[in-house]
Amino acid sequence: MLLTIDVGNSRIKVAVFEHNKQADFFIFETNEALKNFKNIFKKYSNLQKIILSSVGKLDEDVVNYIKSQFQTETITHKSKFPFTNLYSTPETLGIDRMVLAAGATLMHPNQNRLIIDAGTCITYDFVNSENQYLGGAISPGIKIRYKSLNNYTSKLPLLSLSENFNIIGNSTKSAIHSGVINGVLFEIEGFISQYSLKNQDLTIILTGGDAEFLAKRLKSTIFANSNFLLESLNLLSLYTEKND
Ligand SMILES: Nc1ncnc2c1ncn2[C@@H]1O[C@H](COP(=O)(O)OP(=O)(O)OP(=O)(O)O)[C@@H](O)[C@H]1O
Ligand SMILES: CC(C)(CO)[C@@H](O)C(=O)NCCC(=O)O
Ligand SMILES: [K+]
C-alpha cells in the first residue's frame, strides 16, 4: 500500500493506492494538516511508502511528522522524470506541472499530450509524442478571478462559482458570472483548438478542483479526472523505482 500527497496552493489532497488502484481519498485545508495525517496514519498503519509533491506551504513540523512515520519520497526538480524538459527556466517550473506532465507521458505513450489543471491557477502543459516537455501557460483560476474583480474595484461584490450563468449577464451578478465562467470556458476552448490545429493525436487531460464543473460545460467532449495528479505521483514512483 502506498500513499500519495499533493500539497496544492489552497488544499492538500491525499490518495491511498493498493495494487495501483486508488483505494481511498482525502482532501483538507493546509492548517488542518497534522490532525488529518494523524487520522490517515491511524487508519493505514501498513503503508510501504509515501510520495509527496508540494507547491504549497506545508509546515516543517508536519513534514517531519510524515517522514518520522513512513519512508517518504519527495518529488523535487532533481527527481527522475520520463520526459526531456525543454522549459527555458526548468529550475522555476512548478513541481505540480512536472508531475502532471510525467503522468501524461507514462499513461499515454507515443502521443501529443495537453494537460489542463483547473485549480487555484489554470495551467496548460504540453508534452509531445517524442516525450519532450515544451511548456504551456499559467492563468488565474476561477476563485482568483472572482476575488480579484472584488479586490481591485470598489463596486463589484465577491461572488463564488454559480451553476447559473448566461452569455448576456443582465445584472451585476450575472455579468460577473458570465465574465468569469464563460471567460474560463472560452480560454480553455481556445487553447484546445490552437493545440489541436498543430498536433494530431492530441490527448487532452482535464484535472483540478474545477475540472468536473468545466468538463460538463465545454463544447469539446473531455472527461475530467480530478485525481490525475495523485495518480501521476503513483506512476512516477513506479517509474523511479524501475529506473533507479
Ligand atoms: N471545498 C473547496 N475549497 C476550495 N476550492 C474548491 C472547493 N471545491 C471546489 N473548489 C474549486 O477548486 C479550485 C481549486 O482547485 P484545487 O483544489 O485543485 O486547488 P489547490 O488545492 O490549490 O490545488 P492546486 O494548487 O494544485 O491548483 C477553486 O477554483 C475552487 O473553485
Ligand atoms: C503555476 C502554479 C502556481 C500552479 O500550481 C505552480 O505550478 C507554480 O508555482 N509554478 C511555478 C512557475 C512555473 O511553473 O513556471
Ligand atoms: K493548478
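Note that Cβ sites are derived from N, Cα and C of the backbone, with glycine treated the same way.
Note that the coordinates shown come from a computational prediction; the quantities given were computed from them, not determined experimentally.
What TrEMBL annotates here:
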{"type": "ACT_SITE", "residues": "Asp96", "note": "active site, proton acceptor"}
{"type": "BINDING", "residues": "Asp6, Val7, Gly8, Asn9, Ser10, Arg11, Ile12, Lys13, Thr120", "note": "ATP binding site"}
{"type": "BINDING", "residues": "Tyr87, Gly94, Ile95, Asp96, Arg97, Thr172", "note": "substrate binding site"}
{"type": "BINDING", "residues": "Asp117", "note": "K(+) binding site"}
(request) Quick one: of Tyr87, Asp96, Arg97, Asp117, Thr172, which recorded positions lie within 10 angstroms of Asp6 (ATP binding site), measuring between C-alpha atoms? Sequence order, please. (result) Asp96
(message) Just to confirm: which same-chain residues, 6+ apart in sequence, have a Cβ under 8 Å from the Cβ of Thr172 (substrate binding site)?
(response) Lys155, Leu156, Pro157
(message) Among Asp6, Asp96, Arg97, please name the recorded positions whose Cβ is nearer than 6 Å to ligand 2.
(response) Asp96, Arg97
(request) State which of the following binding-site residues has the fewest other Cβ atoms within 10 Å around its Cβ: Gly8, Gly94. (result) Gly94
(message) With every protein chain in view, what's the tally of Cβ atoms within 10 Å of the Cβ of the residue listed as 'active site, proton acceptor', excluding that atom itself?
(response) 26
(message) Can you go through the binding-site residues Asp6, Ser10, Gly94, Arg97, Asp117 and pick out those with a C-beta less than 6 angstroms from ligand 3?
(response) Asp117
(request) Take the Cβ of Arg97 (substrate binding site) and count every other Cβ within 10 Å, whichever protein chain it belongs to. (result) 22
(request) In three-state terms from DSSP, label Tyr87 (substrate binding site) for me. (result) coil
(message) I need the CA-to-CA distance for Arg97 (substrate binding site) versus the residue listed as 'K(+) binding site', whole Å please.
(response) 8
